[in-house]
Amino acid sequence: FFLALLPCRSVLTVACEQTEVLLFDPISSKHIKTLSEAHEDCVNNIRFLDNRLFATCSDDTTIALWDLRKLNTKVCTLHGHTSWVKNIEYDTNTRLLVTSGFDGNVIIWDTNRCTEDGCPHKKFFHTRFLMRMRLTPDCSKMLISTSSGYLLILHDLDLNKSLEVGSYPILRARRTTSSSGSSSGSSGPRAVGSPCHQNDSGPLSEKHMSRSSQREGGSPRNSLEVLTPEVPGERDRGNCITSLQLHPKGWATLLRCSSNTDDQEWTCVYEFQEGAPVRPVSPRCSLRLTHCIEEANVGRGYIKELCFSPDGRMISSPHGFGIRLLGFDAYCSELVDCLPKEASPLKEIRSLYSHNDVVLTTKFSPTHCQIASGCLSGRVSLYQPKF
């Protein structure tokens, strides 16, 4: 279940666990159209490329391009992944589509040269146990989360350069801390055990570290940093990073983490800390845990997709049979205006409960005072304030 809203035209698209994509008018709540056989398996994600084109991805291993003006047929179908495709990102500057799947691959598609037969594509990156992939708003970084609790950051992103194993500098795995100075020590393997937290000795082994790729005078394009973000209450049980979102101004990343025993879930905000390299091929960006909150342990095994508001002041988080609106303080201040010295609890602004099943996804409208949420049974709810 996934929700996507088109900014310039009032269209709410819903990716369903079955093969359907639903389209609604979010203002009137009117059902516009159902794409009953959009894919041959579950539809996982939707991404608008412009005011008329959007892409969908599915467990049938394909990506489909659609035109709102002609929804009876697909523009084209893209083949390249070998397992469930879970994420779609888009670089508006280069018109490159970026997808990731449970085959561990991140694939780049050139929509500039798209035909009815598909788009030219190339494998950009690969890592084990890939869960989610996101681009920062300025497309300068790519973040990848894994089911083993690692977070990978590709700095100074160049999507035109394919990355083969050993062809990029790897910044050693380290653990983020809630203090202003992050530990630079190596982080050991994480013990994980439930079905979605497969045992892993690390996303990239030491033998893949290529010294020849390390150049003098700072980190080159696509340098890779491997982090194990601090999660409160973890008690060394390991975590799966199930949901990954970026602050709309690129200031922070938002993670939903679950313990390897599935008995705890946390929503965590990590501030990007920029800085010049201390030595060649050293991290230029680390993450500092600034805010967190424990979530309801409901719907074990299902991924709950959370989101930032368009101005970045609030977070909408699935919480049991509803959603919670969370702020960095009680006044919904900007993140940069209320950065704590140590990790602080997110403030609950309001809770909204209108579902009879576990809520899996939520999305703010980019243009209206409105929030959408979707639950496991397939119901979509729309909320807007009363003035």
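Note: Cβ is positioned from N, Cα and C throughout, glycine not excepted.
According to TrEMBL, the signal peptide annotation covers 1-16.
Under 8 Å from some Cβ of the repeat 'WD' (36-69) lie the Cβ atoms of residues 2-4, 6-9, 11, 13-21, 75-79, 81-90, 92, 95, 97, 99, 101, 109, 111, 114, all in the same chain and six or more residues away from its ends. Among the features that TrEMBL reports, repeat 'WD' is placed at 36-69 (among others).
Annotated repeat 'WD' per TrEMBL: 78-110 (among others), in sequence order. Same-chain residues lying 6 or more positions outside the repeat 'WD' (78-110) and placing a CB less than 8 Å from one of its CB atoms are 41-42, 44-47, 49, 55-59, 61-65, 118-135, 139, 142, 144, 159-160.
Residues or ranges marked as region 'Disordered' by TrEMBL: 175-234.
The compositional bias 'Low complexity' annotation in TrEMBL covers 178-188.
Taken from TrEMBL, the feature compositional bias 'Polar residues' applies to 211-222.
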DSSP helix/strand/coil residue counts for the repeat 'WD' (78-110): 0 helix, 21 strand, 12 coil
